[in-house]
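Colleague: In case it's useful when we look at the structure, here is the feature table from Swiss-Prot:
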type : residues : note
SITE : Arg13    : site 'Transition state stabilizer'
SITE : Lys20    : site 'Transition state stabilizer'
SITE : Arg152   : site 'Positions MEP for the nucleophilic attack'
SITE : Lys208   : site 'Positions MEP for the nucleophilic attack'
Amino acid sequence: MHLLIPAAGSGRRFGADRNKLLLPLLGQPVLAWTLQAADQAQSITWIGIIGQPGDRADIEALVDQLQLATPVSWIQGGRERQESVFNGLRSLPSGAQQVLIHDGARCLATPTLFDRCSAALQTCPAFVAAVPVKDTIKQVAADGTIAATPDRSTLWAAQTPQGFTVESLLRCHRQGLEQQLAVTDDAALLEAFGLPVQIVEGEETNLKVTTPADLAIAELILKQRQFTAAIA
């Protein structure tokens, strides 16, 4: 399975002047945890890291340091995530038919999740890893008043990996760029053009590191995993 990792994370919310994926998390950069999990997954045979020129030297040095068994390629990103993924799709190895897209900031994804997602793509053409929403969600109007309370039983929180056939996702990205359609994840592109996308069970711990609080929570989860592994 081919895996694309968008890795152009801003450090703005951390008060940092560098990519948040290069910030330290329990002794190594955030991105290192993502790469190691993907490398340990039995199904992942190629990894493409999509980033910005200013981060290339640091990320390539990290890849060299990790000595991953899986081949890793650097791919030049675009101005926005959507354009970056499009560049990644066009840079896949010749003959690639299926692809997983995984945010580099979701550094707690496990090898088991990558393998489960790869297996799901063999039976459905497009999917999103997701978990059921636990909180009551309120739809709020522009003036701050509650407009609606959706039925929680129908709501899922989308994560990554998200999986697709290369042909369908590339076609939707081209159409999306032509129509200047802005989306927040790749599945939304397929949805916009009427293509079905299914849900695959994600992981509760598969959070996206966006704020300093997320980084602290991620460290606690990783410490717990290390403790559990040590006493097993």
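Residue numbering: from 1, along the chain as shown.
Note that Cβ sites are derived from N, Cα and C of the backbone, with glycine treated the same way.
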Colleague: For Arg152 (site 'Positions MEP for the nucleophilic attack'), which residues in the same chain are close in space, meaning a Cβ under 8 Å from its Cβ, but six or more apart along the sequence?
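Modeller: Same-chain residues close to Arg152 (site 'Positions MEP for the nucleophilic attack') (Cβ under 8 Å, separated by 6 or more) are Val133, Lys134, Asp135, Thr136, Ile137.
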Colleague: Would you please pick out, from the recorded sites Lys20, Lys208, the one with the fewest other Cβ atoms within 10 Å of its Cβ?
Modeller: Lys208
Colleague: Reduced to three states, what secondary structure does DSSP give Lys208 (site 'Positions MEP for the nucleophilic attack')?
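Modeller: Coil, per DSSP.
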Colleague: Cα distance, Lys20 (site 'Transition state stabilizer') to Lys208 (site 'Positions MEP for the nucleophilic attack'), nearest Å?
Modeller: 11
Colleague: Using DSSP reduced to three states, classify Arg152 (site 'Positions MEP for the nucleophilic attack') as helix, strand or coil.
Modeller: helix
